[in-house]
Amino acid sequence: MYHCCPGQIGPSVLDCDMADLAKEGKRALDAGASYLHLDVMDGHFVPNISFGPYVIECLRKHLPDVFFDCHMMTTHPENWVEKVAKAQGSKPGLLCYTFHYEATEPRGITQKVIDLIKANNMKVGLTLSPDTPVEALLKYGDQIDLALIMTVYPGKGGQSFIEEMMEKVRTIRAAYPDMDIEVDGGVKPKTVDMAAKAGANLIVSGSGVYKAEDMANNISIMQRSVEKYGLEIIATN
Amino acid sequence: MNSLVKSIIVLGGVSLQSVNAFTSISRSNVADISTTSLNVYGTPRKVQIIPSVLPADFGKLGADCKRLEEAGCDRVQFDVMDGNFVPNVTFGPETIRWCRKYTNMPFETQLMVSEKCTDAMLEEFVEVSKGPNGEPGVVIVHVEACTHLHRALGRIRAAGGSPSVALNPHTPAEMIENVLDLVDHVLVMTVNPGFGGQAYIPTMTEKIKKIRKWIVDRDLDVDIEVDGGIKATQETIGECAAAGANCFIAGSGLFAYDDLSEGVKELTDMALEAQGVAVGAK
């Protein structure tokens with residue numbers, strides 16, 4: 001087993017100036033971030049409303065070459081696939097539609113949503129809230145491009161990292177050495193080592209980036225952590 | 001307006017000054033007018049053109065709000081949609097809060113969200129809709145999303161907001177008849193909410209007239225706003241203004257102009273004319 005997935009930092013825009021999203025996105029990218037993690041919240045799946053597909057479409061016009069990971073914290077992720085797909089980038093593979101298992105499996109439509117995302121030329125991301133066991137994701141592991149493990153209960157920024165979630169990351173990394181595994185929630189320079197050691201290669205950070213005193217330094221610390229521990233995982237395997 | 005005044009108007013040829021003698025006009029939203037004929041029932045209220053942010057560039061929403069302010073808009077409307085009450089998701093309270101940094105324009109927030117969101121987030125929306133010095137911002141709840149509408153409107157006022165209620169096209173005016181004393185403003189949706197660029201629903205004109213009559217007859221200080229398909233045409237803004245609406249949400253209808261201030265002027269002039277007010281007075 002090995003893990004050579006590139007380490008990348010994807011800031012969440014929830015903690016930035018949301019009236020100037022394009023500039024804020026660029027600011028983080030210029031400071032060393034590799035992609036943007038866009039949290040869509042509908043006030044029902046989580047108790048907060050953030051923004052919807054049209055905002056992503058607008059942002060895409062300003063940032064045509066950037067990878068967008070669209071994290072859909074919505075009760076009906078199937079409703080937004082086509083709308084989000086309008087935000088395709090300048091070339092294929094720059095858009096990932098990441099939806100919650102908890103929003104689709106009870107209605108028996110997880111497979112349908114995966115198929116719909118692929119039909120709309122986007123990468124498929126599947127995410128689990130903290131209380132959902134990792135087996136839920138493994139069930140669809142062969143079909144997805146990205147696994148997002150929530151390390152807080154989704155809904156609001158600024159929560160504390162839940163260390164117990166690293167067991168899920170380890171399990172997925174062992175089963176899928178080549179998969180992009182992303183963590184989201186309370187990840188900052190202090191907590192990133194745990195995520196990197198467990199095998200995560202994509203790091204989402206909101207306040208850890210946008211509320212940092214030195215944004216570039218924080219991003220660099222997190223990037224180096226993933227590279228260091230990712231390489232160590234290769235060395236020990 | 002009492003029955004004596006009504007019969008004078010029916011006879012015609014009465015100057016506005018006589019009408020004014022019978023009606024109370026010491027309200028900030030009553031137009032400064034000088035005309036001898038009235039198209040609208042009651043003394044016309046100030047025409048306000050209110051752009052919706054829906055057609056804006058959400059990559060730089062603050063800058064677009066500034067542009068609207070510079071074009072002379074009276075206030076700006078934020079359409080909050082939760083993907084459940086309407087089939088679209090737009091933005092939430094944080095976006096509105098950040099926009100305040102870019103403009104001093106009054107804000108108006110229309111909550112096209114289900115009862116669950118209204119109940120949980122109402123005070124938060126009231127807070128972010130406030131003016132630069134804490135002035136009340138207009139917060140609009142949908143009658144269809146409020147089992148306890150009377151209570152919800154009271155919550156807006158108590159939290160320091162300016163309460164308003166909106167009605168979807170199918171909703172009869174009677175649904176808000178008993179809360180007119182609690183609101184500063186009523187919003188009659190003239191399209192089915194959820195998306196911009198739709199066409200005005202002509203059957204809404206009668207609803208506007210009905211609500212206007214209640215407001216005037218009960219001597220209430222309430223604006224009527226219309227939202228959906230409003231353009232500088234007789235069939236949309238003209239008809240609504242003559243029916244008694246004085247606040248006009250303009251989305252794609254305004255952003256279609258290269259020069260937004262020209263759009264604001266055209267819309268205003270057409271509304272004034274339809275009210276029966278001399279063009280140029282505002």
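Cβ coordinates are placed from backbone N, Cα and C, and glycine is handled just like the others.
Per TrEMBL, the candidate among A:His71, A:His76 that belongs to the divalent metal cation site alongside A:His37, A:Asp39, A:Asp184 is A:His71. The divalent metal cation site is defined by A:His37, A:Asp39, A:His71, A:Asp184, and by the 8 Å test on Cβ atoms against their centroid, the other residues of the chain that qualify are A:Gly10, A:Ser12, A:Leu14, A:Leu38, A:Asp69, A:Thr98, A:Leu148, A:Val204.
Within the same chain, residues at least 6 positions away in sequence whose Cβ sits under 8 Å from that of A:Gly155 (substrate binding site) are A:Met41, A:Val46, A:Pro47, A:Asn48, A:Met73.
A distance of 5 Å separates the Cα atom of A:Asp39 (active site, proton acceptor) from that of A:His71 (divalent metal cation binding site). Fewest other C-beta atoms within 10 angstroms, among the recorded positions A:His37, A:Asp39, A:His71, A:Asp184, A:Ser207, are seen around A:Ser207. A coil conformation is recorded for A:Gly155 (substrate binding site) in the three-state DSSP classification, outside any helix or strand.
Taking all protein chains in view, 24 other C-beta atoms sit within 10 angstroms of the C-beta of A:Gly186 (substrate binding site).
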